[in-house]
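> What Swiss-Prot records for 1-12, 74-84, 225-235 is topological domain 'Cytoplasmic'. What Swiss-Prot records for 13-33, 53-73, 85-105, 204-224 is transmembrane segment, and it gives sequence analysis as the kind of evidence. Swiss-Prot lists 34-52, 106-203 with the feature topological domain 'Extracellular', giving sequence analysis as the kind of evidence. Taken from Swiss-Prot, the feature N-linked glycosylation site applies to Asn118.
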Amino acid sequence: MAGVSSCLKYSMFFFNFLFWVCGTLILGLAIWVRVSKDGKEIITSGDSSTNPFIAVNILIAVGSIIMVLGFLGCCGAVKESRCMLLLFFIGLLLILILQVAAGILGAAFKPEYNRILNETLYENAKLLSDNTDEAKDFQKAMIVFQSEFKCCGLENGAADWGNNFVEAKESCQCTGTDCATYQGSSVYPKTCLSLIKDLFEKNIIIVIGIAFGLAVIEILGLVFSMVLYCQIGSK
């Protein structure tokens, strides 16, 4: 009867440890985005009925599941447990299928995501010239955002602030040569809406890269777990 390959056994452990680390990173990043004060205020303010944190909550769940599967894979390899390895294989296969389905749906519904993002930000632009308590809270967050990212307004630049421009004037002030002029003041020519869209597009590329790398690890995990499962059964 053939024995269990030590090389395969510890390769399985190593790749599952990487898998567990990936789950930890996804969970940590998703939680950070979820509790980030400035980002939360900017994204969730407004009258949009769409919850922009649905995707973040899904990532928190996915990160937790990946951590559990990584643990099952590591323990199943070290303890040579066929039950743990089978649970790991089934769970990992389901995640890979869901990941591929999510990628296809994400590509198909990208225009819808852009529409939701535009609607949310356009609604928020109205808050800049408003005087309600909700608007004031959003304006404070926008002033911080403008100062940090060197942009002004959301849709129409400094004009979005209306009569509230005096309060936002300092955060919009441009000291370079490539500046726009509004009410006699030099302001940043770039709107925060265009900046947020640029950041969104760049982050999508990063997410795609992470998803591709994770898929490679998942496929290796499936192969190693099934081979190890068969070797343990033939002892």
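Keep in mind that glycine also has a Cβ here, set from the backbone N, Cα and C atoms.
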> Using a Cβ cut-off under 8 Å, which residues of the same chain at least 6 positions beyond either end of the topological domain 'Cytoplasmic' (225-235) come close to it?
1-5, 8-9, 12, 73, 76-77, 80, 82, 85-86, 88-89, 92
> Three-state secondary structure of Asn118 (N-linked glycosylation site) from DSSP?
helix
> Which residues of the chain, 6 or more past the ends of the transmembrane segment (13-33), have a CB below 8 A from one of its CBs?
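Residues 39, 56-57, 59-60, 62-71, 73-74, 77-78, 88, 210, 213-214, 217-218, 220-221, 224 contact the transmembrane segment (13-33) from elsewhere in the chain.
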> Please work out the number of neighbouring Cβ atoms within 10 Å of the Cβ of Asn118 (N-linked glycosylation site), leaving out its own Cβ.
13
> Over the topological domain 'Cytoplasmic' (1-12), work out the mean pLDDT and round it to an integer.
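Reported value for the topological domain 'Cytoplasmic' (1-12) is a mean pLDDT of 75.
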> Given a Cβ distance threshold of under 8 angstroms, which distant residues of the chain, six or more beyond its ends, lie next to the topological domain 'Cytoplasmic' (74-84)?
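Residues 4, 9-10, 12-13, 16-17, 20, 225, 228-229, 232-233 contact the topological domain 'Cytoplasmic' (74-84) from elsewhere in the chain.
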> Summarise the topological domain 'Cytoplasmic' (225-235) by DSSP state, stating how many residues are helix, strand and coil.
9 helix, 0 strand, 2 coil
